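Trainee: Before I ask anything, here is the structure I am working with.
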């Protein structure tokens, strides 16, 4: 059996077992809590982990308290069973195992392979790497006599070549069926404990925090300056900006703490994941409400309020579960099949929201054209164009992400994998900047607010005079606007 398939099979089994419970990640550590070995080909195999590591005198993989446990039978143990830990760089994956006469590939040396390749029967077939003859590295552990356990000596393996490294624990002894293992391995990069694929995100979240901080400063300056003319929509935008700023800051603190101390507290990671899920939910509901014309062509959502809230709560729960599964206590990337069950509800809700947003946006543009409100119509046209560009960019990136993962089954492009996560934060920030620009607080904010059946001339006059009128005429118009508002809500509820 090809080693690449073995790694993929092992990667599928391990996250499934880990998904049964969440745990605190101690350093960039892979913890083995009585993990069982599985029959793979002619061997017993336990997947130990996979991470990208940058070459340095400070980069290492450390084995701590690795203990193997075999099943005790009535006859006792007569075999000095051998178990080997195998560390190899992804490009050397074909240097483990071999095949006799072009047949099925085996990890363990068979009688035929012993004659052909000179390997030792009952041990792993290892072909020296052309880059470094000492790699792949094999670390043996043997059971002695009738003992039910065998402990590996604590050791450190220095990493002198940048790459994606894999760790497997393999036994070629069939008498060790039912073998289990406890202990942990710690994987360290030059600048700390953060896994290589996650390391660039520390600086990324610094820059994103500064970007949100700048946006917050500009927005709150305008917000306080024209606080008497603030629209309900602008309150929602303020909330999204604050949530985005908090999310970026907390992601940075989580990653920096993980990198520096080697510990990733469950509470901190869960908190930042929850803020992120809340920010994504509020952002989507904000865009939906804007597309429906809330505060612009209607003062309330009417009967749609409960539906919008239901979709928002459902999306928050789906996003929270997915993010917790991806980030809380997990070091290895989740397997495609394990992640699929969590991604599908989130993707379905996103697709549903996009369809609802563009359907509502089309109706709002139609209403604005009928009312001949050129100022609002121009803003909504710009918003719809920007939203369309973002959706097209998102679809294109999804296609690229699928291609990226499909053509890199062994994560050899791990150094650029951080861009997959970073893109969605960048595009969300850009769309928020566009919304802030279109609905920035100003002395003419009331031009964008719902004003009933005001014709084009009155709207332009309001924009020139700051949107204020004198005397009882203003009160009469407000009453007419309120009546018109209620009639429009009733009509739209009937259509829905």
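Cβ from N, Cα, C; glycine included.
Just so you know, TrEMBL annotations never went through curation; they're auto-generated.
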Trainee: According to TrEMBL, which of these ranges is transmembrane segment: 168-188, 420-440, 441-461?
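Mentor: Going through 168-188, 420-440, 441-461 one by one, TrEMBL gives transmembrane segment for 420-440.
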Trainee: Name the residue range among 338-358, 464-484 that TrEMBL annotates as transmembrane segment.
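Mentor: When 338-358, 464-484 are checked in TrEMBL, transmembrane segment belongs to 338-358.
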Trainee: Among 136-155, 236-255, indicate the range for which TrEMBL gives the feature transmembrane segment.
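Mentor: So the range that TrEMBL calls transmembrane segment is 236-255.
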Trainee: Which sequence positions outside the transmembrane segment (204-224), separated from its termini by at least 6 residues, show Cβ-Cβ distances below 8 Å to it?
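Mentor: Hits for the transmembrane segment (204-224): 230, 234, 237-238, 241-242, 244-245, 248-249, 251-252, 255, 418, 422, 425-426, 429, 432-433, 436, 440-442.
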Trainee: Near the transmembrane segment (236-255), which residues from the same chain, at least 6 beyond its ends, have a CB less than 8 A from one of its CBs?
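Mentor: Beyond its ends, the transmembrane segment (236-255) has Cβ neighbours at 194, 198, 201-202, 205-206, 208-209, 212-213, 215-216, 219-220, 223, 264, 268-269, 271-272, 275-276, 278-279, 282-283, 286, 289, 425, 428-429, 432, 435-436, 439.
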